[in-house]
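*Asks:* Below are the C-alpha cells for one structure; questions will follow.
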C-alpha cells in the first residue's frame, strides 16, 4: 500500500528522470544538427577554397605589331593568306620586347608563356579588322595555363609549378609591371569544354543541363501528376492497382545506373536514337524521377482533407470537377515541391548519363535537343578525373555553378509553394 | 487512502459500463421488430418515399429495413445513440455513400417518385436538388464569394456576373451572414469564425436552390450562440426547403423539428410529432434515450 505522500514522491522522482531524458534527447538533436552543419561548412569551405580561383583568369596585355612581312601576309581579307599566316611570331616578338635580357635562345621559353590559343584570338581580330595590318595594337591575351597556375598558386606546394626559374622571374616582373594581370574569368562561362584548362568553360554543360532538364520536366511532371491523380482518385482498389503501387515504390529505390542501362538498351539500341543527346538524357532522367514525382504527388493528394471533397460533392460537383477545382489546387504546392526535388535530383545525376554517352568530350555548346551535349555533373566528373591540376579548380568551380543551380531550384520550390498557398 | 486502486478499477470498468445498460435493456431490445416502426412514419405529401431501406458496409448491416416518408417542407430530426445509423441513412438521401466502395444500399428510395438509386440517374443532378451541410464547417479555401458562387457556377445557374452576384447576396442573406461579410466578400473563408463558416456552408448549399437540405450534426462544432443562429436559420429555411437534420442534442431536435425519428442499432424505432416524441414516447427505447438512461 502506498500512501499519498510516497506517491507524490514517486512522481517527483520520475519527473526528474523524465526531464533528464528530455534534456538528453534535446542534446542529441543539437549534436546531430551540429554535425550536419559542420559537414556542410567543411564541404562548402573546401569547394569554395579550391574553386574560387576557377573564376579568375590570367591575361597578358601586349603591344602587338602586326607586321605583314613577319607574318607572311599582305592582304588581311584573303582567307587563304589568313590561314597560312604566322600569328605566333608577332606575339613572341611583342613579349620579347617586354622582357629585357631575353635573347633569341629564349624564344621557346618566351613562347611557352602565351596561351596556344592566343594566335587564334589574334587571327580572329585581324580578320575582323583587316586594316590593322601594318599597325601596332594593344591587345589582351590569355596566358599559358602554366603561367596561370604559377600566378594563382605559386606559393602552394600542392601545385607543381612547371615554369623554369628564369620564366618565373619574367612572370614576376611582368606582374609587377601590370602587364600580366588577373580578372574575372568570363571564358569559363562562355566556352565549352577544352583540352586546355584556361580555355575550358561550363557553358556547354550548362546548356546541356538546361536542355536535358527541360525534356525531363516536360515529360515527368504531367505524366507523374496524371498517374498520381488516376491512382489516387479514379483507380479501383484491386490487386492490379496494388501491384502497380508496389512497383512504383520499388522503382523509386532502383539505382540510377540501371535506368542508364535501360535507356541504352531501349532508346539507343531499340529505337535507334542518337547517343550523347539531351533528349535521350531527358528520357532516362524522366524514368528516374517519375516514381519520386508520383509518390510525392499521391502524398499531396492524400493530404487534401476529405471534408473539402465532400463539400464539393455535396453541392453536386462531378468527380472531375472535384479533382480539378479542389483537390489539384490544394495538392499543387506539395506536387510542385516533390517535382522540383525530383528535378534537383535529376540535375545532379551522373551515372545513368555516362551509359548513354553524355560523358563524351564535347567542345561545342549544344544548339538543340539532338545535338551532342554533356551536363554539369558529368563535366565535374570529367574534370575531377583529369590529371592536370588546373582542371581541379575548374571542377570545383563547376561544382559551385551546379550548387548555385540546385539552390536556386530549391528556392524556386519554396517561393512557388508560398505563393500558391497565399492564394487561398 | 486507496485512490490509486480505485481509479484503476473504475477505468478498467469503463467499457463495461457502456455495455451494462444495453444488457439491462435486453428485454427491450427484443421488442424491436425489424421493419416495424411505431408512431407515424408516413406522410401524406411525401418528398422522400423510403421503403425497406437496408445499407451494408461489407458484411455489416448498418441499416435494417427502414421505411419512412419525409414530407414536403418538413423539418425532420434524426436522433439516436452514436453508431445507430442515422448519419448513414441521411447520406443515402443524396448518395454521398457512393464514394465508399464497400457500401451497398438496398430497398426503394424515391425523391418525388423518382428512384434515387436508379443506375441511370445522374448523381450530380440529384445533389443539386438535395444539398448537404456537414458536421464540421468545411468551406473551400477560397474567398467567401467564391464559396457561395461555386455551386451556381458549376451548374451554370448564372450567365451574367450580376446574376451570380444576386445569387450570392440572396444566399448569404438567407443564411443571415450578409451583414457580417458584405464588406469582405473577397476575404478567405477559412479566416471566419466557426459559426460563420457553418452558416457560409449553409449559404453555399442553398445557393444552388436545392429542394432538400440534409444537415449532419450541423451544430456539433459550434458554441451555443452560433448554434442558436443556425437554429433560427433552420426555422426560416423550413418555409421553402425540406430539411433533414441529424443531431445529438435532443433540445435542438425539440426546438427545430416538426417530426423526430429515433434510430437504434440500425432500426428506426419510432417516428412521431416532435412534441409527442419528447413528451409521451410510445416505445420504451425512445423513452430510455430521451430520459438520458443511455446514449
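Cβ coordinates come from backbone N, Cα and C, glycine included.
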*Asks:* For the feature transmembrane segment as recorded in TrEMBL, pick the matching range from A:373-394, A:395-416.
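*Replies:* Per TrEMBL, the stretch marked transmembrane segment is A:395-416.
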*Asks:* So which range, A:159-181, A:251-273, gets flagged transmembrane segment in TrEMBL?
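*Replies:* Comparing A:159-181, A:251-273 with TrEMBL, transmembrane segment matches A:251-273.
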*Asks:* Six or more residues beyond either end and a Cβ under 8 Å away: which residues meet both conditions relative to the transmembrane segment (A:25-45)?
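*Replies:* Counting only partners 6 or more residues beyond its ends, the transmembrane segment (A:25-45) has no Cβ contacts under 8 Å, so none.
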